[in-house]
Amino acid sequence: MLTAYPVHDIRRLETAAIDADPAQDLMQQAAGAVAAVAAEELARRRGRVYGARVLILVGGGNNGGDALFAGARLARRGARVIALGLLGTPHPGGLAALLAAGGRLLDQDQLGQVDLDGFDLGLDGVLGIGGRPGLPDQVAEIARRLDECDVPVVAVDLPSGVDADTGAVPSAAVRATVTVSFGAAKLCEVIEPAKGNCGRIVRIDLGFRPDNAVTAIDVLDEVDLARRWPYPDARSSKYTRGVVGIDAGSTQYPGAGILATHGAVFSGAGMVRFHGGEEARRVLTGALPNVVYAEGRVQAMLYGSGWGDRSDGAEVISRGLDSGLPGVVDADGLQRLPSRGMSADWLLTPHAGELARLLGCDRSEVEADPLTAAHRGADRTGATVLLKGSTQIVAQPGRRSALIAVGGPAWTAQAGSGDVLAGICTTLLAAGVPAQLAGALAASVQAVAAASLPGPVPPQRLAEQVAIVLGRLQPQPPYEVDHEIGRSGDDHGAGRR
Ligand SMILES: NC(=O)C1=CN([C@@H]2O[C@H](COP(=O)(O)OP(=O)(O)OC[C@H]3O[C@@H](n4cnc5c(N)ncnc54)[C@H](OP(=O)(O)O)[C@@H]3O)[C@@H](O)[C@H]2O)[C@@H](O)CC1
Ligand SMILES: [K+]
């Protein structure tokens, strides 16, 4: 699992690392790593560093200092290095080192003297974690031209212009080929759209030791998925695996109930009770005869997928809350949340448009800063929120930490995928997995299933693939059971540090 942190935490970790070992020079370590990555890029593209033309974009802070010291190292290996001073006064020590190594400094007015097309590599040292999002126009123009000319760019710590703390890219920003990230992952590395600006990420360990006070955004990988999935064991029964109740679909949208049921069955629910409409029942009787229609014990409920304009939705969800069981609210149910507020044991599964409607803002606002939007959705409703999209984020009310699901191909962006996902989420809640982890595991397994297929398939086929992926990932005996699962509402961090 990769953990990413906001800038204020990274600053604190940096101070602690320096206090622990005052003699170390973090800037030289950072510069050495940037120079090594830049040299690798040059060697791959042109065979050697000697004679390579390198352009450094230099801001007025320590990020520029790192880039200048890195440039000095490349110059000492025979690269022809030009630094372009863009914002403020360049780091004095870094500049002195570059000039001593034979590099040159140009200011913005001398930009006409350089042909951007002629460089083998760019180093982006304009802004690091001290940068505010966005770039002044002239800098943005240079970044755009480097991109246009296909000059590979190594970003120092992060691509200048992105919002390090949200993953937003509010205006023009550097598009890096590689980002050399120092000490700890920033949020911009794990959340789109900024993640797309980072290119390949090389992380350099600077001895940061995260403590319990940090706001951790944990990004699941396949290993976490396998370790934390509630696989049944020899003692399992259909009730320990969990009974899922599904109240989804309508005459208008019978397919949503059918697909949600596929999601629940193929992700391993012990039993599924279907409380949706007649049309869906007829299909399910033939397709999935294991589904039960009688009333009876249920351990988690799904509401809302394909409800259309169902008028009693708010009362139905309200009764679900009264029952004390955990529940999932998806799609049309999200517009019918009872006004009295929800519970953190409940999971809402909006896409950007649905969350925007809940928050009363534009969809573009949610897409530009999905992490903040997911937190706002959780705080506003009192429920846990799985925001679906290119980065799938699960936020809890009142907490700044979050989980991010394993990424997958965009094929899952199709009608019906959300219904399947809602069914998978409900299976996990019924098995006793806390809502935040349930949302992240469900989104992850669907993404891994989609990635394991050669191309697009209908959502019910994707549900079947979930079962295949779960089988492939299942830990083989002797089983390693993660006993932390299901113990508390915020256990996703257990064993992390
Ligand atoms: N953390 C670590 O462990 C290590 C950190 N290290 C390095 O230090 C970096 C952080 O350095 P930093 O604090 O000096 O800030 P940095 O990002 O260079 O920029 C600040 C300057 O930019 C300016 N400015 C800001 N936004 C702007 C905008 N939109 N448009 C225009 N100007 C803007 C701002 O000026 P202001 O406008 O605020 O007066 C200020 O002058 C970090 O990313 C890493 O590379 C490594 O050396 C060692 C290990
Ligand atoms: K940078």
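Every residue gets a Cβ built from N, Cα and C, even glycine.
Binding of (6S)-NADPHX is attributed by TrEMBL to Ala256, Gly306, His351, and the same site annotation extends, among Asp165, Asp205, Asp211, Asp419, to Asp419. A gap of 9 Å separates the Cα atoms of Ala256 ((6S)-NADPHX binding site) and Gly418 (AMP binding site). For the binding-site residues Gly306, Gly418, counting C-beta atoms within 10 A of each C-beta gives the highest total at Gly306.
Other than the site residues Ala256, Gly306, His351, Asp419, same-chain residues with C-beta atoms no more than 8 angstroms from the centre of those residues' C-beta atoms, the (6S)-NADPHX site, are Ala248, Tyr253, Leu259, Ala260, Gly304, Ser305, Asp330, Ala331, Asp332, Ala415, Gly416, Gly418, Ala422. Across Ala256, Gly306, His351, Asp419, which the record gives as binding (6S)-NADPHX, the greatest C-alpha separation is 16 Å. Here the Cα atom of Gly418 (AMP binding site) is found 9 Å from that of His351 ((6S)-NADPHX binding site). Least packed by the Cβ count within 10 Å, out of the binding-site residues Ala256, His351, Asp419, is His351.
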